[in-house]
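Annotated in Swiss-Prot:
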type	residues	note
TRANSMEM	10-30	transmembrane segment
TRANSMEM	51-71	transmembrane segment
TRANSMEM	92-112	transmembrane segment
TRANSMEM	143-163	transmembrane segment
TRANSMEM	195-215	transmembrane segment
TRANSMEM	231-251	transmembrane segment
TRANSMEM	263-283	transmembrane segment
TRANSMEM	316-336	transmembrane segment
TRANSMEM	347-367	transmembrane segment
TRANSMEM	398-418	transmembrane segment
TRANSMEM	446-466	transmembrane segment
TRANSMEM	475-495	transmembrane segment
Amino acid sequence: MKNEKRKTGIEPKVFFPPLIIVGILCWLTVRDLDAANVVINAVFSYVTNVWGWAFEWYMVVMLFGWFWLVFGPYAKKRLGNEPPEFSTASWIFMMFASCTSAAVLFWGSIEIYYYISTPPFGLEPNSTGAKELGLAYSLFHWGPLPWATYSFLSVAFAYFFFVRKMEVIRPSSTLVPLVGEKHAKGLFGTIVDNFYLVALIFAMGTSLGLATPLVTECMQWLFGIPHTLQLDAIIITCWIILNAICVACGLQKGVRIASDVRSYLSFLMLGWVFIVSGASFIMNYFTDSVGMLLMYLPRMLFYTDPIAKGGFPQGWTVFYWAWWVIYAIQMSIFLARISRGRTVRELCFGMVLGLTASTWILWTVLGSNTLLLIDKNIINIPNLIEQYGVARAIIETWAALPLSTATIWGFFILCFIATVTLVNACSYTLAMSTCREVRDGEEPPLLVRIGWSILVGIIGIVLLALGGLKPIQTAIIAGGCPLFFVNIMVTLSFIKDAKQNWKD
């Protein structure tokens with residue numbers, strides 16, 4: 001029994017360092033919020049202005065890697081000897097489900113406002129040119145390019161899972177071909193895993209920080225309960241308790257059902273917005289935006305704005321590339337696990353086509369609706385943000401639709417379910433990554449899962465206390481820096497091992 005407890009207990013070298021680091025950072029932040037905001041602005045400015053180019057080149061190089069996989073020597077290689085575990089339709093639906101988080105609903109509803117009010121390329125704010133480019137930039141940030149980078153890493157993890165039969169719960173496990181078993185299991189591997197975990201904790205905390213205000217603003221709109229930081233903290237606490245109950249009572253099946261409900265409700269809500277907002281305009285705007293994307297793509301790929309220094313690529317493109325980098329390993333592991341039995345080419349094409357369609361539908365429908373409301377002067381987003389915050393502005397874009405009460409109820413349920421599944425996924429991923437020899441299909445210890453969900457909740461509350469989007473953007477960018485190198489090492493390790501062991 002003692003040996004069994006040791007096996008399923010925490011792994012101290014990857015459990016305590018992230019816990020201590022994140023705990024200290026949260027404590028320092030809460031001690032002096034004003035000083036923390038000064039540091040946040042300095043970190044954001046340094047990383048985006050000094051190293052933003054590196055994130056842009058990373059995405060471009062990974063795009064070339066995608067073409068190499070699709071048309072290169074491994075294109076027809078199968079990821080495992082078994083037939084595909086899921087039908088193509090189910091596989092693509094699962095991909096779509098992974099895109100419908102509350103954070104995605106947050107950005108999809110408000111992102112276009114920022115693009116047209118502070119546009120790139122020296123365009124006049126709120127001008128025709130800015131509006132023509134607004135959705136095109138969303139399609140760029142959430143389109144084929146980032147999904148192509150995920151394709152490469154998904155192939156890498158699927159190769160390690162199903163071809164090499166490796167148990168991978170932390171990125172260091174994949175680095176044996178690159179640095180050797182001694183270093184991968186030694187200090188170097190421990191450092192890599194700690195970088196990954198700290199970054200992942202902050203990423204999940206930021207997602208919670210984006211999702212929670214949407215739920216509390218819905219509560220204010222529906223029930224008249226004032227939106228305060230205390231209410232945010234209460235809601236986050238309720239999610240943590242609900243997650244603990246689900247785990248303790250073996251209700252994981254219920255969580256999976258909730259995830260399916262979230263996906264179907266997402267389709268329903270998007271369909272509703274598409275129909276009542278203006279289907280003809282949405283399709284015309286999308287078509288025009290694809291053309292604008294193709295026209296400006298080379299400039300977008302390499303846009304750093306070093307002369308005019310308007311800040312658009314730093315505030316948005318670099319931020320989003322860091323967002324994609326920081327979630328790459330977690331997301332790619334999930335996508336790899338549902339892709340057993342598929343060929344490399346099939347996985348690459350399926351991800352780029354299926355996931356791009358998912359994100360493009362979300363951003364096109366929600367962004368077009370927001371633009372229509374702005375153009376018709378139905379809502380005043382700048383005033384809403386200044387007086388009440390970004391979350392209220394997002395809620396008003398939904399409340400402006402017909403049958404507003406029913407619409408807000410649907411949005412409220414969607415955000416609530418999305419965040420419940422987010423907290424559950426957060427606690428599971430972090431617990432799996434910080435426990436000793438918990439294999440796929442087994443459950444990590446209950447207290448470890450609850451502990452991590454509490455810490456992620458604390459980070460969400462701290463980011464909300466700081467106020468505004470800049471702390472959230474900075475947390476993502478700071479976390480993305482170390483994972484930038486981790487992702488590259490995983491990629492190189494796959495290439496090296498495949499060259500030696502994946503021959504005809």
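Glycine is no exception: its Cβ is also placed from the backbone N, Cα and C atoms.
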Using a Cβ cut-off under 8 Å, which residues of the same chain at least 6 positions beyond either end of the transmembrane segment (446-466) come close to it? 10, 15, 19, 22-23, 26, 29-30, 33, 36-37, 40, 201-202, 204-206, 208-209, 212-213, 229, 232-233, 236-237, 239-240, 243-244, 247-248, 423, 426-428, 430-431, 434-435, 472, 475
The transmembrane segment (475-495): which same-chain residues, six or more beyond its ends, come within Cβ distance under 8 Å? 43-44, 47-48, 51, 54-55, 58, 62, 65, 152-153, 155-157, 159-160, 171, 174-179, 192, 195-196, 198-200, 202-203, 205-206, 318-319, 321-323, 325-326, 328-329, 459, 463
Recorded stretches the transmembrane segment (263-283) and the transmembrane segment (347-367) touching, at least 3 CB pairs under 8 Å: yes
Hey, would you say the transmembrane segment (347-367) packs against the transmembrane segment (10-30), going by three or more CB pairs under 8 A that are 6+ residues apart? no
Check the transmembrane segment (143-163) against each of 10-30, 51-71, 92-112, 316-336, 398-418 and return whichever range has the most CB pairs under 8 Å. 316-336
Between the transmembrane segment (316-336) and the transmembrane segment (51-71), are there three or more CB pairs that fall under 8 A, provided the residues in each pair are separated by 6 or more in sequence? yes
Which bits of the chain, at least 6 residues beyond where the transmembrane segment (10-30) starts or stops, bring a Cβ under 8 A of a Cβ in it? 36, 170, 190, 193-194, 197-198, 201-202, 433-436, 445, 448, 455, 458-459, 462, 465-466
Same chain only, please: residues at least 6 beyond the ends of the transmembrane segment (92-112) with a C-beta under 8 Å from a C-beta of the stretch. Say none if there are none. 86, 134-135, 138, 206-207, 210-211, 214-215, 259-260, 262-263, 266, 331, 334-335, 338, 350-351, 354-355, 358-359, 362-363, 365-367, 369-371, 381, 390-391, 393-394, 397-398, 411, 414-415, 418-419, 422
Lying 6 or more residues past either end of the transmembrane segment (398-418) yet within Cβ distance under 8 Å of it, the residues of that chain are 100-102, 105, 109, 211, 214-215, 218-219, 221-222, 258-259, 261-262, 265-266, 268-269, 272-273, 276-277, 369, 373, 378-379
